[in-house]
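The Zn(2+) binding site annotation in TrEMBL covers B:Cys35, B:Asp37, B:His88, B:Cys91.
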Number of protein chains: 2
Amino acid sequence: MTATDDYLANNATYADSFHGPLPLPPAKHVAVVACMDARLNVYGALGIAEGEAHVIRNAGGVITEDEIRSLAISQRLLGTTEIILIHHTDCGMLTFTDDDFKASIEKDTGVRPAWAAEAFGDLEGDVRQSVARIKASPFIPHKDQIRGFVFDVATGKLKEVS
Amino acid sequence: MTATDDYLANNATYADSFHGPLPLPPAKHVAVVACMDARLNVYGALGIAEGEAHVIRNAGGVITEDEIRSLAISQRLLGTTEIILIHHTDCGMLTFTDDDFKASIEKDTGVRPAWAAEAFGDLEGDVRQSVARIKASPFIPHKDQIRGFVFDVATGKLKEVS
């Protein structure tokens, strides 16, 4: 049995009490962009119910071209207007540098990634960087409700980055 | 009150019963890549608890450079070895074409995105495309446990794509 098999067994239980389908557009008109971190359950931490919000996640919760793509689809085709950005304490992205990570991959595989790893040294600074990247994009129409937070993995609390 | 404010009120309730911090590496050694769709609560649908799995999400649940970046960090730095891919029925990505979406953006803003929108016409085919992209990447070391699914937004059930 793999962990994937365990999760499939859980899915059968979930489906037993599932009621669908809900409408496609997010009912709360919100898109969340958060780190992929295992300790950050965005449904729990924000009390998001099924059907309410888009959830976009990656290593760091950073804004790259693919998050701009997702946010453009979210706002332009599916009616979201608010963006919530979430980084978190004790993030893995604080523990390495792009140069070291890429050199390590090159050493192991012979191929150096052409992409940035997006490691960062300043948690709140990188939340502000994410806001700045969204504001700089011509493809995101709604930019007046973008708020950035740091989730504390010790307390479960969100702190707004001002 | 914005929807974001409502979610912040929910967070205070969540933090009241939160116990942390958990270790940084995912306890189940799993990374999930899923669509951002509002109706797909991956914590509920898979029964994922805090601390267990990385969750990566975007429009479509597709694999682009940024998902390769996240998966490389997940596997190489944080010890995950299994990948679960989840697309879903009634996906917004089935409702438009890259050409039309990008022409619409160009018409509104004067700027044509240099990126692919990653719309697709075949749900299970795109799950297989995601598997193929991961398998083709030199940056992902663990490729023997990659499984792809379609989540049914009417029933809550996952169906494996073979």
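The backbone N, Cα and C atoms fix where each Cβ goes, and this holds for glycine too.
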Using the CB centroid of B:Cys35, B:Asp37, B:His88, B:Cys91 as the Zn(2+) site centre, which other residues of the same chain sit with their CB within 8 A?
B:Ala34, B:Met36, B:Arg39, B:Leu40, B:Gly60, B:Gly61, B:Ile86, B:His87, B:Thr89, B:Asp90, B:Gly92, B:Met93, B:Phe151, B:Val153
Checking B:Cys35, B:Asp37, B:His88 - which of these binding-site residues have a CB within less than 8 A of a chain A CB?
B:Asp37
According to DSSP, collapsed to three classes, what secondary structure does B:His88 (Zn(2+) binding site) have?
strand
Other than its own, how many Cβ atoms are within 10 Å of the Cβ belonging to B:His88 (Zn(2+) binding site)?
23
Could you tell me which of these binding-site residues, B:Cys35, B:Cys91, has the greatest number of Cβ atoms within 10 Å of its own Cβ?
B:Cys35
B:Asp37 (Zn(2+) binding site) - helix vs strand vs coil (DSSP):
coil
Those residues of the chain, 6+ apart, with a Cβ under 8 Å from that of B:Asp37 (Zn(2+) binding site):
B:His88, B:Cys91, B:Gly92, B:Val153
